[in-house]
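Read the structure below first, then the notes.
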Amino acid sequence: MEVIQPTTQIFADNEKTVSQVAEEISSNELRETTVYLPDLFVSFCSRAPKTNPYYAEVKAESDAWFAKLYSLSTEKELSRLTKADFALFAAWWTADAGKSEFRTICDWCNWVFYFDDQFDEGHLCEDEAKAQREADILTQIMTVGLRDDEYPDDLPRARALRYAFRSVWERISQRASAGVQRRFREAMQEFCKGLVGQVGVRADIDTRELDPYLAFRRQSIGVVPCIVFAEYYHDLRLPDEFFEHPSVKTIMDLAAEITVLHNDVLSYHKEYEMGAIHNIVIILRERGMTQQEAYNETDKLIQKRLREWHLAVNQLPFYGEALDLQVQKFVQACQEVAVGNLHWSFATERYFGNQNNLIRKTRQVELIDLKA
């Protein structure tokens, strides 16, 4: 009768134990079901953001104010607001803002994410005419004002969002220079244009050329209003000609595009499940790339923009000591919006749930098999 040797002896010639082979099998299976995110924490995004010292206090105040105004009453609704932690997002790109200015920015952050939801998943996502009307009302608030009794038949939460924005705008108007007010107004109009544009072209957006597509996407990402807020809380007094300089426009565009690309990498799983189309990774996979190839290609787009950033900074104009100090604060603020957004995306459970810290460490995420 044949004698069966102990299992460990079977692998003696290869000097591998059962546990070692099991580890190899497990490792192979892992490689087949996971892929690696790009290393997004590079260049200026490698530094950890500072936190506004008023973060905890103002978060509690702002969340309570918005929850009451927007009638968030269920445990699920309140938990969503608290866990999203939009105040932390703000705290990481406004570390030097005073309490009053930081409160205004936190209120805007709470407002903007719920306002954006109307266009992404809410009652405006399939109705371009109603989406445009909502954008027009926002412009009305910043130009001729909005009375409490206007549009009484609209949805209560839509009206609540308008009044929240009106409150923010009134606080900005009381403190900011005419130039900051104008740039904020223009930034918000561009933001709304991007939101409405996404509603209108969901089915037929031309994604063949990525650079024009990213130019389209940067409108709706909301980065430029954040940059204008830096002028607001730093009380910058830069001349209008500064904002017309090509390098300044390039820096602002790049800050927005880097943020878009970061978000698209991190939100891919969530947006794929939702059936979203406005995501670079989704677009690249539709072109035949694997998930890893799409991540790698997106990483190249990010690195290209980081290199362009440094070139643009080197072309900034000089104005003398006093104004050049303000220029440096402005440039740093543009960086901090992208840095803060990236770190916040991993600090909360927005994209990866309770696996956020592990994925931040390993960069390994689940491989998605495309649906037929």
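Every residue, even glycine, has its Cβ placed from backbone N, Cα and C.
Record note: among 26-31, 116-121, 170-175, 296-301, 116-121 is the stretch given as motif 'DDXXE motif' by Swiss-Prot. Closest to Glu121 (Mg(2+) 1 binding site) by Cα-Cα distance, out of the binding-site residues Asn263, Ser267, Glu271, is Glu271. Of all the binding-site residues given, namely Asp116, Glu121, Glu271, the one with the smallest number of surrounding CB atoms inside 10 A is Glu121. Note: Asn263 (Mg(2+) 3 binding site) has non-local neighbours Ile221, Asn341, Ser345, i.e. same-chain residues 6+ apart with C-beta under 8 A of its own C-beta. Apart from the site residues Asn263, Ser267, Glu271, the chain places the Cβ of Asp264, Val265, Leu266, Tyr268, Lys270, Ala276, Asn279, Tyr351 no farther than 8 Å from the centroid of the site's Cβ atoms, the recorded Mg(2+) 3 location. For Ser267 (Mg(2+) 3 binding site), the same-chain residues 6+ apart in sequence whose C-beta sits under 8 angstroms from its C-beta are Asn279, Tyr351.
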